[in-house]
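Participant: Found this in TrEMBL, in case it helps:
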- Asp211: active site, charge relay system (ACT_SITE)
- His242: active site, charge relay system (ACT_SITE)
- Ser407: active site, charge relay system (ACT_SITE)
- 50-129: domain 'Membrane-bound transcription factor site-1 protease-like N-terminal' (DOMAIN)
- 202-456: domain 'Peptidase S8/S53' (DOMAIN)
- 477-573: domain 'MBTPS1 third' (DOMAIN)
- 587-751: domain 'MBTPS1 fourth' (DOMAIN)
- 780-860: region 'Disordered' (REGION)
- 1-23: signal peptide (SIGNAL)
- 867-884: transmembrane segment (TRANSMEM)
Amino acid sequence: MGLTRKKLFIFLTGLQLLSLVFGDGLGVNVDTVCNSSISQRVNYEFNSDVVNSEHIITYKGYFPRSTRENYVTAALRNAGISNWTLLQRDNPAKEYPSDFDVIILEDEGRRALDALKDHPAIRRVTAQRQVTRTIKYIREDDCGPAGCLYAGWRNHRVRGPKSLRQPRENGGYTSRKLLRTVPRQITSVLKADLLWSLGVTGEGIRVAVFDTGLARNHPHFGRVRERTDWTGENTLDDALGHGTFVAGVIASRAECLGFAPDADLHIFRVFTDNQVSYTSWFLDAFNYAIMRKIDVLNLSIGGPDFMDHPFVDKVWELSANKVIMVSAIGNDGPLYGTLNNPADQMDVIGVGGIGFDDRIAKFSSRGMTTWELPHGYGRMKPDIVTYGSGVRGSSVNGGCRSLSGTSVASPVVAGAIALLASGVPRHNLTPAAVKQALCMTALRLPGPNMFEQGHGKLDLISAYQFLRKYEPQASLSPSYIDLTECQYMWPYCTQPLYYSAQPTIANVTVINGLGVSGRVKDVSWHPHLPNGVLLSVSAEYSPILWPWSGWLALSFSVIEEGADFDGIIEIEMKWGHKTNLLNTYSGCPLTCIDTSLYGALLLVDPEDEYFPEEMAALKKAVDSGMSLVVFADWYNASLLRHVKFYDENTRQWWIPETGGANVPALNDLLSMYQVALGDRVFEGAFRLGGHPMYYASGTHIHSFPEHGILITAPLSDQGHQIMSGEKPGGGGGASAGAQTVDVPILGLLQTDGETRDYTNDTSDRLPKRAEGGRLHVYSRVLSPDGSGPRPVPECMTPTPVRPHPIHAPPSARTLAPRHQPTDPKSIGAPDIEGTEPAPRTWRGAGAAPSRAHGGAEHQSPSMASRALTLLAIIAVVYCLTAAWKRCGRKLRRRRLMSLAT
């Protein structure tokens with residue numbers, strides 16, 4: 001029995017030492033094996049609906065309730081309206097002056113609204129909106145069904161180096177299992193403990209958390225200054241856990257530490273237990289936050305509706321009062337243009353999510369902003385990205401849990417800002433200065449474009465050094481446009497500039513660190529000679545910058561003298577201050593195109609309608625010699641209804657507005673040439689000119705002039721198969737056994753002629769627009785009520801900026817490498833990189849900052865160091881074994897001697 005215990009002790013000792021050296025290789029780590037919390041991804045379902053009969057009255061100032069009621073009474077009495085009520089709002093802001101009211105109008109709503117809008121003290125009247133958010137926690141089990149421990153042991157051989165090549169510079173991880181060993185203590189990853197060692201802990205900074213509440217005596221928090229409820233449920237606790245987690249990432253003092261443990265937390269419960277909220281609740285809570293002089297406000301939620309004017313205006317007012325708002329861009333990725341409001345506002349710091357492998361999280365929404373559509377190109381968003389996958393934070397009942405989502409990345413940035421704010425001069429703490437610090441020091445990630453990563457990954461230490469020596473300035477976001485820099489400058493880098501091309505437009509945000517408001521005096525352009533003057537640059541901008549930001553729209557085009565130039569042009573733009581967006585790669589009416597410069601116009605699967613003026617302009621252009629090439633997918637009203645789908649985000653059934661092309665609109669356009677496309681859907685394989693071809697899915701030619709050339713192909717009726725539920729033959733489309741029919745799919749036409757119908761059966765017909773369609777809601781052509789076309793938009797007439805040529809040739813690279821962060825040493829701040837934090841005794845409950853999870857970079861030890869350590873372990877085990885043997889021999893001798901005596 002004694003020998004067995006000795007062997008067991010030696011084995012466990014060796015195993016423990018081996019796990020210290022090869023712990024990542026063996027997959028045995030505390031986070032994986034011992035932590036019972038499961039990593040979950042936060043998924044939202046978000047709905048915003050107008051509340052019947054309720055409207056928000058916004059006043060031109062803050063007034064007591066009695067004064068506001070007198071204004072409303074006077075406005076409606078003059079209009080003869082008496083059936084109305086002002087909603088009583090029972091919340092902590094009710095005793096203070098307010099700038100809005102909620103009115104309930106039982107009848108005569110339109111006349112009452114007009115009467116209110118005419119009152120001189122009323123700024124605007126808008127609909128009250130109800131927001132319903134459903135949080136789903138989706139389990140992320142990246143160990144597979146076999147379990148974390150087994151997966152770690154099974155994969156240990158995969159993770160060793162397979163060659164002598166150096167590891168990748170971008171720090172990417174080549175093994176799926178390796179991600180489990182990346183540090184999960186987010187504060188250590190971003191090196192917050194370096195600032196803690198300097199005494200920078202968030203003390204004195206007021207942070208507001210707008211979420212689902214927080215329990216009163218949660219053990220992770222020691223500085224909860226105030227908890228308020230804005231929902232009317234008479235509870236302050238968090239029944240969902242989301243608000244607790246967010247607050248923990250910002251300011252937890254125990255276990256899973258937050259960034260600013262000494263910050264003063266102000267908890268705003270703005271969602272009910274059923275996850276319902278109203279615009280008016282947010283407005284009251286925002287007003288209260290301004291009154292409480294909040295420094296940093298985290299809003300991990302958002303929605304697609306940037307047209308909720310009272311909400312947007314109040315966010316601007318928060319920024320104007322030096323409240324730094326941080327908001328998640330949403331979890332609707334990887335689609336572009338899916339970011340949420342208020343993260344899409346220029347004065348708000350919009351945050352996207354990345355994993356610990358420094359890759360953009362698939363769930364993270366992408367830019368660009370959609371305020372400017374359809375008349376312009378969106379601005380760059382998010383502003384910055386940080387870790388939002390597998391982050392550890394406080395659980396509602398104590399302990400820790402791991403969550404993923406941009407609602408997790410947002411409090412990471414909010415907590416980092418609170419930490420920075422407590423260690424820099426107070427006068428440097430403005431929304432513009434903080435945004436500039438985060439963006440100008442961010443680490444550029446290789447691969448993702450600027451609409452995925454913004455300025456790059458949060459660099460906490462560089463931002464701290466930047467803010468300590470900050471000088472008020474104005475800056476641009478993005479700070480430059482380089483059409484040769486792919487992938488970061490996508491989609492700008494995908495299309496060169498050439499004479500006769502439509503102008504390339506860049507919509508840029510101006511961040512004004514000089515003050516909450518400012519003016520743009522002028523924009524000047526300094527091209528390098530001799531080729532810079534071949535570029536014509538136009539600029540539009542908002543003359544007033546407020547709050548802290550603005551817009552600058554730049555239009556680039558090549559003048560006629562540059563038609564034969566092939567090369568790179570470098571220019572320098574100098575500006576007064578400000579930004580926004582206009583048109584880049586956006587369409588314009590055919591009436592605005594000089595068709596004499598083009599040989600052909602390609603219409604590829606268009607989905608919108610055409611203005612009558614466009615049809616006339618197209619006929620004139622074709623009559624003058626321009627060619628027209630049309631590609632069309634299918635359109636069939638019955639099939640559209642058949643392929644409807646249920647959208648999990650809106651919890652509604654969606655019917656496509658077009659199958660793949662607006663064939664009825666194309667038929668209207670082509671009717672002048674006596675050409676019409678049918679409503680059947682065909683697919684199949686065939687040969688054309690000896691070459692194998694595949695017709696994936698598309699329409700066919702229904703009518704064509706007699707003297708034109710038609711090419712047919714044997715195809716199967718895909719639409720009939722879908723409607724009838726028949727299974728396709730598979731593999732080869734029409735060639736796989738399905739019944740085929742010769743249908744015309746390609747037509748060539750030179751001039752007009754007689755019309756003929758080319759059909760194979762009497763059931764074929766022209767496509768008709770689907771009844772009850774909502775294309776008019778999204779169309780740039782149809783009026784919102786569907787009654788007819790809108791007026792054709794005016795053509796853009798850019799005003800060129802007068803060039804001031806520079807007589808020196810452009811340098812090879814006038815700017816520093818654009819993927820590098822700001823050098824902290826150039827700012828004059830102390831270099832704290834690499835210093836070890838001194839032990840710190842925390843006040844109240846909680847543990848001191850732990851480095852058990854490592855630093856921000858995960859580096860595997862070299863094979864030589866591992867070999868040396870292994871030899872040392874063998875020597876230790878050998879010595880322990882010899883010691884036990886000697887001890888055993890002594891015991892046996894003593895026993896023999898005792899027996900002999």
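The backbone N, Cα and C atoms fix where each Cβ goes, glycine too.
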Participant: In which DSSP state, out of helix, strand and coil, do we find Ser407 (active site, charge relay system)?
Facilitator: helix
Participant: Just counting, how many other CB atoms are there within 10 A of the CB of Ser407 (active site, charge relay system)?
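Facilitator: Around the Cβ of Ser407 (active site, charge relay system), 30 other Cβ atoms lie within 10 Å.
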Participant: Using the alpha carbons only, what distance in Å do you get between Asp211 (active site, charge relay system) and His242 (active site, charge relay system) once rounded?
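Facilitator: That comes out at 7 Å between the alpha carbons.
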Participant: According to DSSP, collapsed to three classes, what secondary structure does His242 (active site, charge relay system) have?
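Facilitator: In the DSSP reduction, His242 (active site, charge relay system) maps to helix.
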Participant: What mean pLDDT score does the domain 'MBTPS1 third' (477-573) have in the model?
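Facilitator: Across the residues of the domain 'MBTPS1 third' (477-573) the model's pLDDT averages 86 on the 0 to 100 scale.
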Participant: What are the DSSP helix, strand and coil residue counts for the domain 'Membrane-bound transcription factor site-1 protease-like N-terminal' (50-129)?
Facilitator: 23 helix, 33 strand, 24 coil
Participant: Given His242 (active site, charge relay system) and Ser407 (active site, charge relay system), what distance in Å do their CA atoms have, once rounded to a whole number?
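Facilitator: The Cα atom of His242 (active site, charge relay system) is 9 Å away from the Cα atom of Ser407 (active site, charge relay system).
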Participant: Just give the helix, strand and coil counts over the domain 'MBTPS1 third' (477-573), going by DSSP.
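Facilitator: When I sort the residues of the domain 'MBTPS1 third' (477-573) into the three classes, I find 9 helix, 40 strand, 48 coil.
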Participant: Helix, strand or coil: which one is Asp211 (active site, charge relay system) in, per DSSP?
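Facilitator: In three-state terms, Asp211 (active site, charge relay system) counts as strand.
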